[in-house]
Amino acid sequence: MDSRTMTLIQAIVIAILQGATELFPVSSLGHAVIVPALLGWAFDPHGEIFLPFLVMLHLGTAIALLVYFRNDWAAIFQGLRGRDGSQRQAESIHILALLVVATIPAVIIGGLLEHWLRALFGTARYAAIFLFLNGLLLLLTERMKSRQPVQGGYAIASLTYADAAIIGLWQCLAFLPGISRSGATIIGALFRGLNHEGAARFSFLMAQPVIIAATVREALHMRHVAIPPGQMQVATIGAMVAAVTALASTAFLMRYFHNHERWALSPFGYYCVLAGAVSFFILGH
C-alpha cells in the first residue's frame with residue numbers, strides 16, 4: 001500500500017474513532033495517534049497528505065453536533081430576536097457570550113503553542129502516557145465530587161464569564177495528545193457548579209465553534225496539498241461515518257449524563273487508564 005494513501009477500511013476505522021472519541025471523554029487525538037501505531041499502519045494521520053480526510057471528518061462531526069443541538073441553537077437565536085431588554089433575549093446574549101469567552105483561551109494558546117506541543121509530544125508513546133493521565137484526572141474528579149452534595153445546577157446561563165474563561169483554559173489541556181477535550185471541559189464545568197448533564201451540554205456546545213474553526217483552517221491549508229487519486233471519495237465516506245457515529249455518541253452521552261450524576265466519568269476514567277497503560281507497554285516492545 002502507498003503510505004501516502006488510506007484504504008477504505010482504514011478510513012472507516014479512523015472515522016468511527018473520530019465520531020466517538022471526539023465526544024466521549026477519552027481523547028480523539030490520542031486514539032488517532034495510538035491506534036494506527038498499534039495496528040502497524042504506515043501512514044501519518046496528521047500528515048499534510050491527509051488534510052482532506054481530516055477536514056471531512058471534522059465537517060461530519062460538526063454537522064452531527066449541529067443536528068443534535070439544533071433546538072438549543074434555535075432557542076438561542078430566537079431569543080436574540082426577542083424584545084429589547086426581555087429576559088429571554090438577555091439570557092440568549094449571555095449564553096452566546098459565554099461560548100465566545102470559553103473559546104478565546106483555545107484560540108490564543110492554540111495559536112501560540114499547538115504545533116509546538118504536538119511536535120514535542122506527538123508520538124504514540126506520549127499519547128499513551130497522556131491517555132493514562134486523562135483517566136486519572138477523570139477518576140480524581142469523580143472522587144472529589146463524591147465528597148460534595150449532589151449538584152442540582154443544570155442551567156448554563158447560571159455561569160459567569162469568569163467561569164467560562166476557566167472552562168476554556170481547561171479545554172487547552174486537549175492540545176496534549178491523549179487528554180480529552182470533552183473530558184477536560186466537562187471537568188471544568190463540574191468544578192464551576194454545573195451537574196454532569198449541564199457540563200456535558202456546555203462542553204458539546206463549546207465544541208461546535210472549535211471544530212468548525214479547525215475545519216475552516218484545515219480547508220484553507222488543503223488548497224496547497226496535492227490530493228492522491230481516490231482519496232477525496234474515501235474522505236467523503238469517512239465524513240458520513242463520522243457524522244453517524246458522532247450523532248449516536250452524542251445522543252447516548254446526553255442520555256447517560258441525564259441518568260447518572262454520581263461517578264458518571266469513572267467508567268471512561270478506568271478505560272483510559274487501562275488503554276493508556278496497555279498501549280504504552282505494547283508500543284514499548
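Backbone N, Cα and C define each Cβ position, glycine as well.
For reference, Swiss-Prot has these:
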- 12-34: transmembrane segment (TRANSMEM)
- 49-69: transmembrane segment (TRANSMEM)
- 93-113: transmembrane segment (TRANSMEM)
- 120-140: transmembrane segment (TRANSMEM)
- 159-179: transmembrane segment (TRANSMEM)
- 234-254: transmembrane segment (TRANSMEM)
- 263-283: transmembrane segment (TRANSMEM)
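Counting C-beta pairs under 8 angstroms (sequence separation of 6 or more), the transmembrane segment (93-113) fails to reach the transmembrane segment (12-34), with fewer than 3 such pairs. Between the transmembrane segment (49-69) and the stretches 12-34, 120-140, 159-179, 234-254, the greatest number of Cβ pairs separated by less than 8 Å involves 234-254. Recorded stretches compared: 120-140, 159-179, 234-254, 263-283; the one with the most Cβ pairs under 8 Å to the transmembrane segment (12-34) is 234-254. Remote same-chain residues near the transmembrane segment (234-254) are listed as 6-8, 11-12, 14-16, 18-20, 22-24, 52-53, 55-57, 59-61, 63-65, 67-68, 197, 200-201, 204 (criterion: CB distance under 8 Å, separation of at least six residues from the stretch ends).
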